[in-house]
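Copied over from Swiss-Prot, here are the features:
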- 45-65: transmembrane segment (TRANSMEM)
- 66-86: transmembrane segment (TRANSMEM)
- 120-140: transmembrane segment (TRANSMEM)
- 172-192: transmembrane segment (TRANSMEM)
- 199-219: transmembrane segment (TRANSMEM)
- 238-258: transmembrane segment (TRANSMEM)
- 281-301: transmembrane segment (TRANSMEM)
- 336-356: transmembrane segment (TRANSMEM)
- 371-391: transmembrane segment (TRANSMEM)
- 394-414: transmembrane segment (TRANSMEM)
- 427-447: transmembrane segment (TRANSMEM)
């Protein structure tokens, strides 16, 4: 997503004229110039779908089977489908009003509707959300590959289990190697389309996890080792009723990808294809989410943990169970490594917009580009390694920033209706989105605060 200023639509590639008011960083000032320099003819449809799908499928996929445990398969799958439709509607709001206002960025659209404060608010939300997400990704990668010690109990990482404890497979060493060997090179691309192959591999790794989970579930189902799952929630008292709402934040934030939509559209060979791209990505991710939820819950039932990855740290009770456990954990760690650059891309753009709002395109300054990239990666690395309470902090700020990006900001643009384009249906849907987002955020903050106080309360 680009956020600095509004820009005129890019002319057709064969045109000899260029717009002079393009100020969005990392966007070519003229497609003709861009082609002349490096033969970039626009992003493909499939590449755009994979980039958007990778933006969506991050760490949240592992929390979905636990939502089935609370909601039951029938209601849980219905909620996933509903959230996919709401996400599609909110992105459609952004694209329709961007076209009306001739904006080619989310920030430009917010600036057009709410002035400079709106643009800055959007940039801060992306900053908080994406830094938090990337630090959490790095923490998870460290936990999976190097292990962790919690409450005096050491949980072995995959590499530690394979090779024993050595300096090179310790947490700090693994994260340093990953940062220098994977994150830094992938973060150096100036176009989001350059990440299409790593994004495709990232989606493929998520599918590998799904295939392994499905295979184990089917094997155990045939052998009679799996009970039929509940289709509806088990509500027996008021506490179990209120417990249903604790999964709302997980579902509401499951499809957040809005901060990358404009960047992907701007690089498309045919920008009008962005709506089919969005719908294809949402259909792909919905299918992966639904199948993961079904087979994850089918496999572990009421023993499904909040993070189903933790269930693969136990004995599966099947031949080659330990090998399959390691395959799931390694594929997931590799998946997160490849998600990292697609989430990092809009983070760098927004930091540049906050620090240098009137500067030329970030792609024209290698020094600024390099310094921002190195600085942000360093902050994320240090946060994941040396700030033990940072996960708790981002549980609060992350929930707030994510629902703002996905629902509150798009709905607010509709309610502002600067171009008189909103219908009664749009207004009703926008109000519903805001109510849902506020409810989700309140539940998430209450649940996280309650869990934190309970965790830190002195034991009797």
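Including glycine, each Cβ sits where the backbone N, Cα and C put it.
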Which range wins on Cβ pairs under 8 Å with the transmembrane segment (336-356): 172-192, 199-219, 371-391? 172-192
Do at least three C-beta pairs under 8 angstroms join the transmembrane segment (45-65) to the transmembrane segment (394-414), pairs 6 or more apart in sequence? no
Intrachain residues whose Cβ lies under 8 Å of the transmembrane segment (427-447), provided they are six or more past its termini: 86, 89-90, 93, 245-246, 248-249, 252-253, 395-396, 399-400, 403-404, 406-408, 410-412, 414-415, 417
Relative to the transmembrane segment (172-192), which of 199-219, 238-258, 371-391, 394-414 accounts for the most Cβ pairs at distances under 8 Å? 371-391
Using a threshold of three or more Cβ pairs below 8 Å, and leaving out pairs closer than 6 in sequence, do the transmembrane segment (371-391) and the transmembrane segment (66-86) count as in contact? no
Counting only residues 6 or more past its boundaries, what in the same chain has a CB within less than 8 Å of a CB in the transmembrane segment (394-414)? 86-87, 90-91, 93-94, 97, 106, 109-110, 113-114, 121-122, 125-126, 128-129, 132-133, 135-136, 249, 252-253, 255-256, 258-259, 422, 426-427, 429-431, 433-434, 436-438, 440-441, 444-445, 448-449, 452
